[in-house]
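Peer 1: What TrEMBL records for this protein is below:
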type: BINDING; residues: B:CYS124, B:HIS167, B:HIS171; note: Fe cation binding site
type: ACT_SITE; residues: B:GLU168; note: active site
Amino acid sequence: MNELAITVIGRDRPGIVADVAEVLARLGANLTDSTMTRLRGHFAMTLICTGPATAEVETALASLAAEGQLLATVRAVTPDGDVPPTGEPYVMAVHGSDRMGIVAAMTRVLVDAGGNVTDLSTRLTGELYVVLAEVELPAGVADTLVGRLHRTAAELGVEVTLRPADPDLL
Amino acid sequence: MTGEERGPDVEAYAGLGDWTPDSLAVPGVVRAVVSAPDPVLSRAADEVDPTAEETIRLAADLVATMKVSPGCVGLAAPQVGVGARVFAVDVTGHPKAVTVHGTFVLCNARVVEATRWKPGREGCMSVPDLTGDVKRASRLVVEGDLPGSGEPVRLVTDGFEARALQHEIDHCAGLLFLDRVAGAHAIYQRKVYL
C-alpha cells in the first residue's frame, strides 16, 4: 500500500476541501490524518493518504490546480512513521509584540530540554503575535524549563506560559 | 416524565443514602469494553427498570469492570455493548475531584441543572487513541434511579465528578466526547506512557 504525503495550498475559496477530497476519493486514495486550515487568506492542506501511485495523484491534482490558484505537491513516504512519545504532554502559549525569531528561540529552548513539538500554530493579528505549541517533555524537566522559557521570553519581550495538558480518562 | 415536568422538588429525592455496590447483592462480572466505531456507542440507549434483575446484574458488572480498568472513573452500559441507560462512576482519590459520592450506579439519569462551564481535556476507554478539549459544567444536578431499590435520587456535585457524570450521561444518549470537542484542532493523539 502506497502512503503519500500531499500538500495543497491556494487562495481560500469555498469548495477547496470538497474539490481536493473528491479528486482523491475518485482515485481510491484514502485520507488518513490531515490538517486543513486557513492561513492569512490562503487555504493550506497537509494530508497523508493511502492508495494510488504518486504520479496518478500528481496528475489528478495538477488538473485541479490548473483551474484555480492551487499549488499541490505529492510524495511517497514510509508508512507507519509513528514516533513513540518522549514524555508528558504540555501546552506552551506565547504572545506579545511581533518580531523576528520568536518561534525559533522558544522552540529551541524546548528542544534543548528534550522536548518534542507535536503540534504548533502561530497567528499574527496587527502587532500581536501568538504561538501555541503542544509539546512532549521528559518527566521532571517542566519546572526548570519554565525558568528558561521565561528568560528567553523576556529577551524577546513576549509572555510565555507552560501548562500540563494531561487528559482525564473517563 | 421529563426533568422539566418533575421540577426541582428537592424533598422528593434522597441522596445516595446508604447505597453501596454491596446493596446490589450480586457479584459483578468483568465485561469486555467496546471501542468506537461500534454502533452501540452511537445509539441512544433505552430506559431501564432499575429493579429488574438484569439491570441489577448489569450495574454490578459495570462496577466490576470499572474497578479493574486502570484510571477508569466511570463506565456506561453502551461501553460494554449494552444499550441501557445505566452507568457507574467513582472519582474517589482523583486529584481534580472536589465533591465525591464514592462508587455509585445510576439508571435513567438526566442532567437537571448545569452551570459554570469549564474546558478540560478528556479521554475515553472506548476511544483509546484520542483525547479532546470539551466544555463541561462544573456545577451539576443530576436525577436518576438507584439500581436495586429503584429509588429516585438527586445528586448535587461539582468539579471532576460533574465532568464524569456528564461524560457517562452522554454515553447513554449515544454521544462520545468527540461529538462535543471545542473545534477542528481540539482533538489530539493520545500518548500512552509505559
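Placement of Cβ uses the backbone N, Cα and C atoms for every residue, glycine included.
Quick caveat, the model's predicted, so the values are computed rather than measured.
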Peer 1: Tell me the coarse DSSP state (helix, strand, coil) of B:HIS167 (Fe cation binding site).
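Peer 2: In three-state terms, B:HIS167 (Fe cation binding site) counts as helix.
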Peer 1: Near B:GLU168 (active site), which residues of its own chain have a C-beta under 8 A away, given they sit six or more steps off in sequence?
Peer 2: B:GLY74, B:LEU75, B:ALA76, B:PHE87, B:ALA88, B:VAL89, B:ALA109
Peer 1: Around B:HIS167 (Fe cation binding site), how many other C-beta atoms are within 10 angstroms of its C-beta?
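Peer 2: 25, counting other Cβ atoms within 10 Å of B:HIS167 (Fe cation binding site).
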